[in-house]
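These notes concern the structure reproduced below.
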Amino acid sequence: MSEILVLNSGSSSLKFALYANTTESTTATSEANKDPALKALSLTYRGHFSGLGTKGAAVSLKQVAENGQEHALDELSVADNHEGAITKLMAWLASREGGGALDGIGHRVVHGGQRYREAVVLSAKDVDELETLSSLAPLHQPHCLAPIKLLMARYPEVPQVASFDTAFHADQPWVAKQFALPRELTVKGLIRYGFHGLSYDYINRTLPEVLPDAAACERVIVAHLGNGASLCAIHNGKSVASTMGFTALEGLVMGTRSGTLDPGLVLHLIEHEGMSVKDVSTLLYKQSGLLGVSGISSDMRELLTSDAPEAHEAIDLYCYRIAREIGSLAAALGGVDQLVFTAGIGEHAARVREQVAAQCEWLGVQLDNDANARNETRIAHVDSRVGMWVIPTDEERVIASDCLTQLGLV
Ligand SMILES: Nc1ncnc2c1ncn2[C@@H]1O[C@H](COP(=O)(O)OP(=O)(O)O)[C@@H](O)[C@H]1O
Ligand SMILES: CC(=O)OP(=O)(O)O
Ligand SMILES: [Mg+2]
């Protein structure tokens, strides 16, 4: 039985998961036949180093039994930074009884640019190529590539696979990818890529199992509302539009990112507010969004429990932008059959879903308030014309499944 390690590196966190490949024991079942690469994976451990580089650094590690029950372990200590987290993780892996020999390591890489349209077994040349995209995803790409380089040097015999946030969107219609810029810039790759593709891929593969048999699912909108946030329009299983573009800055209001704004405002900041390119980058990536508007926090949990009017203004703007963009994606799809909420906020913040739903009633969206308050999977009222769902995302499982496929293990 082979074992796969998955790393999902964020700007201040490192999520990881360990899977056993159970292909031989499960391929005969009808479960496995639904999506063999996803179902062949049995999660054995999952963990999360969070708050890396901050005072609030924390760590969690859970062992997962075959029946899915989780058992917290205290075998990992808090790390200060990404390198420390990986060093601790590898030491723990090697110390496990019967553990240590990995068959592959799968990584989330946020930007794949024009070249990387699907997961790939990484060479050192690929890593160099992906490094050239770091300025297009400054909060993510360096943190995705650092562990790859570290692990390649330490474990040259273990193949490493990259799964890209951009890949799910690679075949969007050209009109959805273009900016109205001169052609010489467009051909250089200044186009809309879209992100959170691993999460959308997971939801796209999972939704058919959740929907009742006869439910229409030609036109689906997925709201990935985490620290970063975006929407994706999926038509017959393919991404056709997304709110994120050239970088993960476009679109919705996020924890610390502004989302869409008038490009003339950026010019104004440089021309009249004396800001450098670096200042503007820091402002838009790290000081805006929920944090900037509320002046309190980038964390939705904190805003939801705050009495400050600024916190409520931030939540109102957050929901308003989502509702407006749902309208835009519904236009791209020619309507909507199913609306799915996922990621930290999408899965847990009933009030956000309620506000968004109220502003989308014109689309035929009608919420079951009780089901919504209980974070149930199905949250649409029986009279709703549009199906509404809360589905926990699992980017790590998609990465592991890409890893099995790329390494020929499934
Ligand atoms: N129970 C909850 N209620 C409301 N918001 C929550 C809850 N749990 C997590 N969140 C929010 O989810 C966001 C983080 O989402 P997550 O998907 O974990 O982000 P990322 O993977 O990008 O780090 C934070 O804004 C956090 O406040
Ligand atoms: C692409 C992106 O914004 O990712 P995250 O939500 O993990 O920050
Ligand atoms: Mg995330």
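Including glycine, each Cβ sits where the backbone N, Cα and C put it.
The Mg(2+) binding site annotation in TrEMBL covers ASN8, GLU395. Less than 8 angstroms from the CB of GLU395 (Mg(2+) binding site) sit ASN8, ARG108, LEU198, SER199, TYR202, each of them six or more residues away in the same chain.
Less than 8 angstroms from the CB of LYS15 (ATP binding site) sit LEU7, ASN8, SER9, ARG46, GLY47, HIS48, GLU396, each of them six or more residues away in the same chain. Feature annotation from TrEMBL assigns ATP binding site to LYS15, HIS224, LEU225, GLY226, ASN227, GLY228, ASP299, MET300, ARG301, GLY344, ILE345, GLY346, GLU347, HIS348.
Taken from TrEMBL, the feature substrate binding site covers ARG108.
Annotation comment: TrEMBL describes ASP165 as active site, proton donor/acceptor. Counting only same-chain residues six or more apart in sequence, the Cβ atoms lying under 8 angstroms from the Cβ of ASP165 (active site, proton donor/acceptor) belong to ARG108, VAL109, VAL110, HIS111, GLY112, PHE195, HIS196, GLY197, LEU198, ALA248.
The site 'Transition state stabilizer' annotation in TrEMBL covers HIS196 (among others). Secondary structure at HIS196 (site 'Transition state stabilizer'), as computed by DSSP, is coil.
Under the heading site 'Transition state stabilizer', TrEMBL lists ARG257 (among others). Residues near ARG257 (site 'Transition state stabilizer') in space but far in sequence (CB under 8 A, at least 6 apart, same chain), listed by position: GLY228, ALA248, LEU249, LEU284, TYR285, SER288, GLY289. ARG257 (site 'Transition state stabilizer') carries neither a helix nor a strand DSSP state and counts as coil.
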*Near ligand 2, which of the binding-site residues ASN227, ILE345, GLU347 have CB less than 6 Å from any of its atoms?*
ASN227
*Residues LYS15, HIS224, LEU225, GLY226, ASN227, GLY228, ASP299, MET300, ARG301, GLY344, ILE345, GLY346, GLU347, HIS348 binding ATP per the record - widest CA separation, whole Å*: 20
*Among the recorded positions ARG108, HIS196, ARG301, which residue has the largest number of other Cβ atoms within 10 Å of its own Cβ?*
HIS196
*asked:* Near ligand 1, meaning Cβ under 6 Å from any of its atoms: which of the binding-site residues LEU225, ASN227, ARG301, ILE345 fit that description?
replied: ASN227, ARG301, ILE345
*Give me the non-local Cβ neighbours of ASN227 (ATP binding site): same chain, 6+ apart in sequence, Cβ-Cβ under 8 Å, ordered along the sequence.*
GLY10, SER11, MET254, GLY255, THR256, SER298, GLY344
